[in-house]
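Below: one structure, written as structure tokens.
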Amino acid sequence: MPFPITNPVQTAQQTPKHYGITSPISLVLPKELDLVLTQKLTEALKPFGVFEEELELQRRILVLGKLNTLVKEWIHEISESKNIPASLIENVGGKIFTFGSYRLGVHTKGADIDALCVAPRHVERSDFFTSFYDKLKEQEEVKDLRAVEEAFVPVIKLSFDGIEIDILFARLALQTIPENLDLRDDSLLKNLDIRCIRSLNGCRVTDEILHLVPNIENFRLTLRAIKLWAKRHNIYSNILGFLGGVSWAMLVARTCQLYPNAVASTLVHKFFLVFSKWEWPNPVLLKQPEDCNLNLPVWDPRVTPSDRYHLMPIITPAYPQQNSTYNVSVSTRNIMVEEFKQGLAITDEILQNKADWSKLFEAPNFFQKYKHYIVLLASAPTEKQHLEWVGLVESKIRILVGNLEKNEFITLAHVNPQSFPGPKEGIDKEEFSTMWVIGIDFKKMEGSEHLNVDLTFDIQSFTDTVYRQAITSKMFEPDMKITVMHVKRKQLHQLLPDLVIVKRRKHSTEGLRGMNDSSVDLSLDSDNSMSMPSPTSTSSSAAVKSAHSASTHGASTPSSLGPPAGKRPGSTLQSEKEKKLKVEEVMPLHTIKVWYPVPEELSSQVVCCCVADLFPSCFQKMASADLSDVPLLPANPIPVLKNSIKLRLSR
């Protein structure tokens, strides 16, 4: 079984083999100073828990060994029940493969393990979710067992002796599964079910990455540093439009190909150099795409029009090649490129001995960066409903960011990948809520004293999309709510924990350190590591998990993207009374009731989800609202929230 064991950094040796689609930029061997800086980098990473103790690593190997034995026993039992000849049963095989951060050898303390169960052709997927599930249930070490069979990439989740494991299933068109099976073999994909192809993709991509880098140990240490940096700088989340673990791994792998003899300290610097100057949307490729004539959809802008509009394509190296970053938007790309430039400046200082590595991993204060913020709140009455609701809302936040980007008065919308517990509506009412914060940069208008901005349409089209999918997927429940509000920087402390908000007037390094250390959970290593847990219910998980599972398990489902829309004109406020208001006098949230027609077949599912003005003690109330766009009450109404946000910004 391919279990990664991380060793100390090795001195690179000149490698004659050619890696990647271009020649290397430099073949220079490391100097003594480079080795010293690499050792310092390793020491700087240790306090963040990115390295696992040897004892814990051996425990993981033991757990995976037990799981592998269970798989073999289960397949043996299934084979007997299906009257497979005894001569075949003896060598029928079956195997657990790993992928993701664990397979790459860059998992952190407490991280989960992504695993794949590979079975021969006579074992059905239904067997995996019934008899194998029952076999796992019998194991005393197994806790929190749940199956998500309807997900985009079906999965069994469990905790085995305290280690979280996600197990996918793939049934190959083979009579037996040999121990030395290489999943990179494209011929294995012939005649496979699409769900099996998706499940195999994670392992195939991970194995290809490891085969396409010149020095695995240098690659691993560099990737650990880059992943930590990305998490600390709030740009690690595929589902929210940044990059997930696989994408960061491919960028680091490409850097290693361009500098095959460099050690980690040099590679971190070259990473920022290369990608701060990369001319997007030119794709990042680790190898030339190959066509296996299996008629599977692959990323190819020459053939697929929607692929031409991907902003930051990073292409997986295994067939069928996919873009792992189809969620990236104009704002998230601009934010990441700016972070690359700042990373380059810092690593320049480090290499010149003007700074140490800790500076690279300092977390910027997101809550002081912008003057204006949009706060998004998702709430539900029970914990189970809350997990499902949060999963769906989070998977659609990138739509809200896209809507805000198109507003002619907004230059940037920056969503913080970390979510926070939301405030409760009332003391007596049981409610679970999660909150996300989006920083907004408004355009600076020349020759204008005031700027009128109406975000109502941007917000409403987002909430409509979420509610529509919740109803269609039959996961909508009473009192599942979305609330969107505008707050200014000085108001954030009323909604967010004191630990997060660091007042400008207090220049305490202890307070900043407290915010930095608490603002990210480094034990989570999936593409969705900054978010709430994924839903555990099997009844509605397909809708919620599709965006998450596609990236986490290596499969890509590019959305149907058209040409980038131009800036949408924002509405202006005409009232003379409003013209005299400054932004401080405008209430950040006003909620009004709007009625929408519901298809007759869904009328029995309709429930009330409308709320009045929330948290009145926190904000001033707006004197009036424009209700001119409220339609007449239809025959089968569904009450939903309308968030009317109209701002008047003083220049």
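Even glycines carry a Cβ here, placed using N, Cα and C.
Since the structure is predicted, the reported quantities are computational estimates derived from the model, not experimental observations.
For 20-213, the entry in TrEMBL reads domain 'Poly(A) polymerase nucleotidyltransferase'.
The ATP binding site annotation in TrEMBL covers PHE99, GLY100, SER101, THR108, ASP112, ILE113, ASP114, ASP166, LYS227, TYR236, GLY245, VAL246.
Neighbour density for ASP114 (ATP binding site): within 10 A of its CB lie 27 other CB atoms from the protein chains shown. Feature annotation from TrEMBL assigns Mg(2+) 2 binding site to ASP112, ASP114, ASP166.
For ASP112 (ATP binding site), the number of other Cβ atoms no farther than 10 Å from its own Cβ, over all displayed protein chains, is 20. Sequence annotations record features per position, and here TrEMBL assigns Mg(2+) 1 binding site to ASP112, ASP114.
The annotation domain 'Poly(A) polymerase central' is assigned in TrEMBL to 218-362.
Among the features that TrEMBL reports, domain 'Poly(A) polymerase RNA-binding' is placed at 365-431.
Per TrEMBL, region 'Disordered' is recorded for 507-579.
If you look up TrEMBL, you'll see 516-560 marked as compositional bias 'Low complexity'.
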>> Per DSSP, what is the helix/strand/coil residue tally across the domain 'Poly(A) polymerase RNA-binding' (365-431)?
In response: 28 helix, 18 strand, 21 coil
> If you run through the domain 'Poly(A) polymerase central' (218-362) with DSSP, how many residues end up as helix, strand and coil?
Replying inline: 72 helix, 6 strand, 67 coil
